[in-house]
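> According to TrEMBL:
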BINDING   B:Arg48, B:Arg54  NADP(+) binding site
BINDING   B:Arg125, B:Ser126, B:Ser127, B:Asn240, B:Ala241, B:Gly280, B:Lys295, B:Pro296, B:Thr297, B:Ser298, B:Ser299, B:Arg321  FMN binding site
REGION    B:36-59  region 'Disordered'
There are 4 protein chains.
Amino acid sequence: MSGNSFGTLFSVTTFGESHGPAIGCVIDGCPPGMELSEADIQPDLDRRKPGTSRHVTQRQEADTVKILSGVYEGRTTGTPIALLIQNEDQRSKDYGNIAETFRPGHADYTYWHKYGIRDPRGGGRSSARLTAPVVGAGAVAKKWLKQQYGTEVHGFMSQLGDIVVPFQSFEHVHANPFFAATADADLLSRMEEAMDELRRAGDSIGARIEVVASKVPVGLGQPIYDKLDADIAYAMMGINAVKGVEIGAGFASVAQRGSEHGDELTPHGFLSNHAGGVLGGISTGQDVTVSIAIKPTSSIRTPRRSIDKQGNPQMVETFGRHDPCVGIRATPIAEAMLALVLIDHALMHRAQCGDVRVDTPRIA
Amino acid sequence: MSGNSFGTLFSVTTFGESHGPAIGCVIDGCPPGMELSEADIQPDLDRRKPGTSRHVTQRQEADTVKILSGVYEGRTTGTPIALLIQNEDQRSKDYGNIAETFRPGHADYTYWHKYGIRDPRGGGRSSARLTAPVVGAGAVAKKWLKQQYGTEVHGFMSQLGDIVVPFQSFEHVHANPFFAATADADLLSRMEEAMDELRRAGDSIGARIEVVASKVPVGLGQPIYDKLDADIAYAMMGINAVKGVEIGAGFASVAQRGSEHGDELTPHGFLSNHAGGVLGGISTGQDVTVSIAIKPTSSIRTPRRSIDKQGNPQMVETFGRHDPCVGIRATPIAEAMLALVLIDHALMHRAQCGDVRVDTPRIA
Amino acid sequence: MSGNSFGTLFSVTTFGESHGPAIGCVIDGCPPGMELSEADIQPDLDRRKPGTSRHVTQRQEADTVKILSGVYEGRTTGTPIALLIQNEDQRSKDYGNIAETFRPGHADYTYWHKYGIRDPRGGGRSSARLTAPVVGAGAVAKKWLKQQYGTEVHGFMSQLGDIVVPFQSFEHVHANPFFAATADADLLSRMEEAMDELRRAGDSIGARIEVVASKVPVGLGQPIYDKLDADIAYAMMGINAVKGVEIGAGFASVAQRGSEHGDELTPHGFLSNHAGGVLGGISTGQDVTVSIAIKPTSSIRTPRRSIDKQGNPQMVETFGRHDPCVGIRATPIAEAMLALVLIDHALMHRAQCGDVRVDTPRIA
Amino acid sequence: MSGNSFGTLFSVTTFGESHGPAIGCVIDGCPPGMELSEADIQPDLDRRKPGTSRHVTQRQEADTVKILSGVYEGRTTGTPIALLIQNEDQRSKDYGNIAETFRPGHADYTYWHKYGIRDPRGGGRSSARLTAPVVGAGAVAKKWLKQQYGTEVHGFMSQLGDIVVPFQSFEHVHANPFFAATADADLLSRMEEAMDELRRAGDSIGARIEVVASKVPVGLGQPIYDKLDADIAYAMMGINAVKGVEIGAGFASVAQRGSEHGDELTPHGFLSNHAGGVLGGISTGQDVTVSIAIKPTSSIRTPRRSIDKQGNPQMVETFGRHDPCVGIRATPIAEAMLALVLIDHALMHRAQCGDVRVDTPRIA
């Protein structure tokens, strides 16, 4: 509970600050015998890394991951897998002017009050840069889930500010800079224009991301307090800038009737998925569907009122290199978090009930 | 992670089934020396208990709590506080017809697939009845938080189906059967009528509940993975029937600009609270504001398609005594969960940074 | 870590005080589908309970256990199993004289300094009476281990004061009041006489207990920090009055040479068991052998120097009903603790590596 | 519980293998604001490192520690402190002959059965080399304990094989290669000769190490299951090659009477310390005294019987660079483990009971 580990049986402990020498994590509990190399991990890191389009921060980081332990002759040994990523582009001078002042919407104020000290270089520990090691750990989890059960986790952006982006197909997600699941050129143009306008205005915008896990085994999740959906909510709300989480029908459930919401079953499967793949905290075997709200980036060039450590009023403008929409790079992060929740519950389920029988007669 | 304990430093382990002999919990980690008796706990249980109006289940349960341990001469001793509630009204025959069939929207299907066995009497372990011990534990947490920091936690219903219920004042919450924070007689009538109509129709409806914690100390919450808001999301999504959680501006953040969302600071305090009292996972000292979506009750009299254990199609109607809107009784539960998260973080903060200085110059 | 739960995947949370209304525990993580009733648990409680011979405390407690949850139609459901034991014989007046004074060798001094409050009735929470619920939980663990792997856990007293009691056979353990694994009538007489002399003298004595687990699967235990032997040491040192723990050769290893200590292997098995069934923190499949030192009972009639809460010198004699050798009743407790460690590691191993293959070609 | 983290509130997660690129750890929960640099950590690592005398392994490792995170401008920030130590001398060819055969007394057999794969290079994860990062973490804990309470932790060797080494003074510990607390030249010569003889014989020997913590605050430790002494036993038994742990009088308690064992109190302090500074699992304020048994090194040049992966009989001689007495380098490791237990309990106590009042009227 010291705040830097995620998961119980497949646990990830991260370390590092935005402008320190390196960031990384220790993955404890990865089952032995799985083929693993950096090549399994780097692609997800590349999807998250900065500088891939003009719509994200221009900070240059290769985010090259190195495995320090836990793999022998190309296979996991059951011992901890340490991942290390060197920080390269540490232009700390960019941030010098904010060491004494609390940026609105940032963790500056709370870290300083909590700890009495804070590392102001690039947001220090509170920087979204710290999601990189987790994306690495998520790639390891994804590989195991895929091999073991065929489970896959995919995300996409479904809303950018007030632009709703209907889902067409996962195949489009990597053909545009927004992780939008659409090939609608007009819509994509509107998104590009909105981002360009924001950048000129020195402002930022929120986003909505959806994540879907398919071929999830039936039976993952614990009753009462380690419900699968509760752990998903925890994982998602813990991502920087997330302010809301929905499972299945989410807030739309409020206005639904029971005769509409409750998913009927037939011998051929469920007839709907308002539950989002979770009933009573336990997976149904349907797709697990999650939606998250990401607030607009707090680092903006628009001058804003704040105070300094002494309580004096100050105006704050944040220069430097920032994402005008942190939601854009959130898709691989949300996928990683969902994969980490699923593998933890898969291992837990195996502990309690023995090997998951993937050949269980399933309805979908 | 075995699924029946909540919290780390102030942990609550629950046990029991809807129709077993008793339900209860063990509270471990309550600081010593606090005056405590059943009289501190019973009022919150009474707010949650069934049978208090015609709009909730007519099951008759006194829900009388008994403290079995951890209190000596009227004060907590620092040792575990066990709470016991006898089950009285166990009309199990009401449920006999559902032992073989999976009720849509219920945990029947998932429990059976996970464990290969399930207690069908009143939903067994998955019954919302199991929130009673937690409400008891929450009352203990509330008392300590109030004494230590002046922190208070209050909830109310803000939406019933499509009826939005604007907040007027917390003083109205206990003057109506819905925990609505309003004295608007017309609105309350519409709610009554909607509920009466539903009951006649044998259907159910969702609800939205808001919870607010005031006078929260600055600095509660851990960076990265035990963020205060992440733990709140976990706590809330773990309540039976919850499908969505928001902190502060929640999903409205998606369409907000950074220049609107980021709460400005002045020497006299924050100028807004889109953050919902949490920045970077750590409390700001502002009100912590949470909103949750509760799905419509799955137990309805409307016939629905399902299957039995052998996979044969079946029609299911659920008779017995149910809440047409489980959201109505959710308010004290959500309060309890928020209080439990706050006390856990308060103790954690004390571990890491020493006693919270409540006299810290605070802005609000 | 709040101090009242044992185990991670098969966790036991206890509550209660020596003279409160009841004591008990919640077992979380018991695999589903196992036949279980009070009849499986009561025999171990009966072996531990007071009043079974003149050599133990004459407090009268039936220690009748009741299962409150987690079992449906005679089988475990995978949900928490709560065990409740009513306290019957609460002669608190016996202890009235010690409320203000710290008894030497007791937890009075430390509880009072830690918590600023303590329940002095019969030692309150620090009473060895609190081992009863754990013995109950251990019986559940034993049953599962036996069914799953054939694992059995048996203990015996190997030394009473300076009387060494050589092991003859487990069959003798329940034919004498000491849990001695011997049928040597002379030796048993000497033990009886020694105890009678102690009782007359108003003094007490220490003991050594051995516990052996047989048919332990190969592979239980985690490297580095959750080593099987480390968890055993933790479990055993946590039993009231234990001051030392050995695995295998224990302290005799200090004077051994590597050519003597390291157990050689042949195709037919290990040739010795100095390791005590654990290498590198992981079970070898040989018997797991543990030895513990139990200090003499601190409650004695001999007057001793102490101080009261105000720091004034006081003489203390402890009247009431006490065990002149707490070690006598420790055997079933030590068995229970070893069983609890083994089941936790068995479940953990299953999480990480899948179902244990009990048909693995094993050497012993 | 995945086996590679130690501690709850001050937790240390280690990674790495003996012959991998690097080893290290992540310390989570170090209180903020403490001055810290590599210079605080390196001295303890230097005391543990190989090659410091002819009596320990001649492997050459600088064991230079680097802090990767958690420190800003020379002070801890409350965020994770990652320590990295590069492996330099990785002569893996030394170990090539043992990849297929299980060395007696080693973890080879158990790792292979547990995981189905093992890294044989220098013992892989099971190597005592993995104690290095923990010694680093222990140095951080020691510094905090010293600053906060004046607590110090010191160890020494009290027995080498059958040579008992009486305690004279801690000042002698670093004036000889054995961490012996003696200046007795004859005794030290006998130890040198015994080691030289062993080396010539290609054999090894066990040792006993004592560790003492002074100025421990009263009140550290949790009742029932996270007793201070139970956690110490866990920590010590988890050190490579440890087979026994004693607190205070330890196994001598078996033959003691209550009138001898129970430490009397006077207004000026305790009159003895058979308890070893712990009563009822909670520190008394006296010295915490611990004694551990370390088995003889399993890697010896004497040929021994074993089997290979296929179960065929094999003779094993272990060449390469080994410690003929692993106990020699165990002293700084045992100190580190005791410090880690103490800091964890100090933080836990602070969580539950608020800041420790070091000015409490104490008796010693």
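Glycine residues also receive a Cβ, built from the backbone N, Cα and C atoms like all the rest.
All TrEMBL annotations are machine predictions without curation.
Could you place these features in context, so I can see how deep they sit and what lies close by?
Around B:Arg54 (NADP(+) binding site), the same-chain residues six or more apart in sequence whose CB sits under 8 Å from its CB are B:Arg199, listed in sequence order. A coil conformation is recorded for B:Arg54 (NADP(+) binding site) in the three-state DSSP classification, outside any helix or strand.
When the region 'Disordered' (B:36-59) is classified with DSSP, helix, strand and coil residues number 11 helix, 0 strand, 13 coil.
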> How many neighbouring Cβ atoms, not counting its own, are there within 10 Å of the Cβ of B:Thr297 (FMN binding site)?
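Other Cβ atoms found within 10 Å: 29.
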> Out of B:Arg48, B:Arg125, B:Ser127, B:Lys295, B:Thr297, which binding-site residues come under 8 Å of chain A, measuring Cβ to Cβ?
B:Arg125, B:Lys295, B:Thr297
> In DSSP terms, helix, strand or coil for B:Arg125 (FMN binding site)?
helix
> Please name the residue among the binding-site residues B:Ser127, B:Ser299 whose C-beta has the most neighbouring C-beta atoms within 10 angstroms.
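Comparing the binding-site residues B:Ser127, B:Ser299, the most crowded Cβ belongs to B:Ser299.
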> Would you count the other CB atoms within 10 A of the CB of B:Arg48 (NADP(+) binding site), including those on all shown protein chains?
24
> Within its own chain, what residues at least 6 apart in sequence put their Cβ under 8 Å from the Cβ of B:Lys295 (FMN binding site), listed in sequence order?
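In sequence order, the residues whose Cβ lies under 8 Å from that of B:Lys295 (FMN binding site) (at least 6 apart) are B:Gly105, B:Gly206, B:Ala241, B:Val242, B:Lys243, B:Val326.
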> Can you name the residues of this chain that are 6 or more positions from B:Arg125 (FMN binding site) yet have a C-beta less than 8 Å from its C-beta?
B:Gly16, B:Glu17, B:Ser18, B:Tyr111, B:Asp119
> Would you mind listing, in sequence order, any of the binding-site residues B:Arg48, B:Arg125, B:Ala241, B:Lys295 that have a CB less than 8 A from a CB of chain C?
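It is B:Arg125, listed by sequence.
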> For a quick check of packing: other C-beta atoms within 10 Å of the C-beta of B:Ala241 (FMN binding site), how many?
23
> Roughly how many angstrom lie between the C-alpha atoms of B:Ser299 (FMN binding site) and B:Arg48 (NADP(+) binding site)?
19
